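Student: Before I ask anything, let me first share the structure, which is written out below as structure tokens.
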Amino acid sequence: MFLVQYTADNTRTLNVDSAAMTLPVSDPTAWATAMNNLGMAPLGIAGQPILPDFDPALGMMTGIPPITPMMPGLGIVPPPIPPDMPVVKEIIHCKSCTLFPPNPNLPPPATRERPPGCKTVFVGGLPENGTEQIIVEVFEQCGEIIAIRKSKKNFCHIRFAEEFMVDKALYLSGYRIRLGSSTDKKDTGRLHVDFAQARDDLYEWECKQRMLAREERHRRRMEEERLRPPSPPPVVHYSDHECSIVAEKLKDDSKFSEAVQTLLTWIERGEVNRRSANHFYSMIQSANSHIRRLVNEKVAHEKEMEEAKEKFKQALSGILIQFEQIVAVYHSASKQKAWDHFTKAQRKNISVWCKQAEEIRNIHNDELMGIRREEEMEMSDDEIEETTETKETEESALVTQAEALKEENDSLRWQLDAYRNEVELLKQEQGKAQREDDPNKEQQLKLLQQALQGMQQHLLQVQEEYKKKEAELDKIKDDKFQVEKMLENLQDQESCGSKLCASSQESDVPLEKTLVGTPVKSEREALLVGIISTFLHVHPFGASIEYICSYLHRLDSKICTSDVECLMTRLGHTFRQEMTGVGASLEKRWKFCGFEGLKLT
């Protein structure tokens, strides 16, 4: 029998059974096929050629590949078979049956999805007279059979020992089987081999997967243990001898870390008692003395760092000087006296070089300035360090918000004053109209009343908006006042010495006594008069009392508007109040008239 089989590495082998050699001589075609597959010329018993189309030079019959020494199964590695090469199925002769190959033009038989770890196949299309012995005879050539479960409905399940044997069994799918030489319908059938799902196969596959997972976990654990750093050596138990060794190690800088760890472990273990307390105290004292060595070492490192910084700064300064010289060369070459003698390409290169040199110089200059700023910040006091850039940014943000709100508040106050002036003018006009005998007096009064009502409603809206803005402004003022207090404390501490010197030179007579009998009653009012005079001097067209107080609030948030207005009213030769504008733009403004008052006095 000649049977094409697939081994575990998917190579085809040809098995020759001795049963196949017991062919009747009366069948010349079968005999010639067998002789040709053995590589021999198909001769009869008399030595005459059986088939006329045999080519003796090729040693094979046309269309049938011969057996060569390189074929699988002969102990020599065969050449690789192309995957697109069609496999020619041949007749398979068994002892009790014959298998005929399917039509090669038909599509391959369909199969179900392969279950994991499949070792069982389903075989359908068996002859009705087929026995378990015939099934074993046909499929034992694919591999070792463990179990066969045959049904009465012409199918069975076969379980092999290995998974690759299932692929060999699938090769027989589509073959027509005939028992002996009978052509009876009960002795023929068409085999259909397919994957079968069995609990035993699934269980074995799951066990194998679990075993592989265990091996993988073990391999990873071994790898982690190999890469894990070594454990620290165990700490010895306390004894007088070990204590003396640790005490000596504490005095050595190279062995200090190891000795401190041992000392810590002993203390945590509870080795300290009355007998060993003095020894532990001496070791702790040695550890404390090591702090001085660490501080000295830190100072030495800081000194080295400062020297390195100074050296770097000097080197950077030298580099910047050379950059300046190079840039000066480029600038002198760019002057008209030398520039005209260069070609266009040379001028372009000089311009590019000059630009690059200036950029590099600026970068190095910024770096040097940054180093100097860092040094200045390090030399400053701790209190100045507390009010650093973050507080400056917060203060600037608060000041900008306060200024915006103050401007909005001033505009609203000016509008409110304008509306009040309009109401006063309307009242005056209404009084004049009542005194005059006008025939349309009642109509004019109605119009004036309507206008007054509209103005009053608008005034109420403006007042509500003003109250909201004033509340926001008060909140901002409180935040700003806290920041200013912090700055004032710093300034007071800086100017404490100068103030003490100035106060010692001043007379003991207070300024308030010298100002008795004058409109200015205190030093504070004198300072206010000077500040207001300076403010109004730069505002030749005057300013409202609200505008003046908003400026004064930046200096002192406790200043009251009514007090400022009373002070300015008392000083009639220095400040003068005037009404400016017409109608809705009517406004009361204060002006500085100190120079005119000086001439009059």
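Backbone N, Cα and C define each Cβ position, glycine as well.
All annotation found in TrEMBL is predicted automatically rather than curated by experts.
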Student: Looking at 116-143, 284-311, 508-535, 564-591, which one does TrEMBL call coiled coil?
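Tutor: Of the candidate stretches, TrEMBL labels 284-311 as coiled coil.
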Student: Please indicate, using numbers and ranges, the residues of the same chain that are 6 or more beyond the coiled coil (284-311) and have a C-beta under 8 Å from a C-beta there.
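Tutor: Apart from its flanks, the coiled coil (284-311) reaches 247, 250-251, 253, 256, 260, 263, 371.
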Student: Quick check on the domain 'RRM' (119-198): DSSP residue counts for helix, strand, coil, in that order please.
Tutor: 18 helix, 28 strand, 34 coil
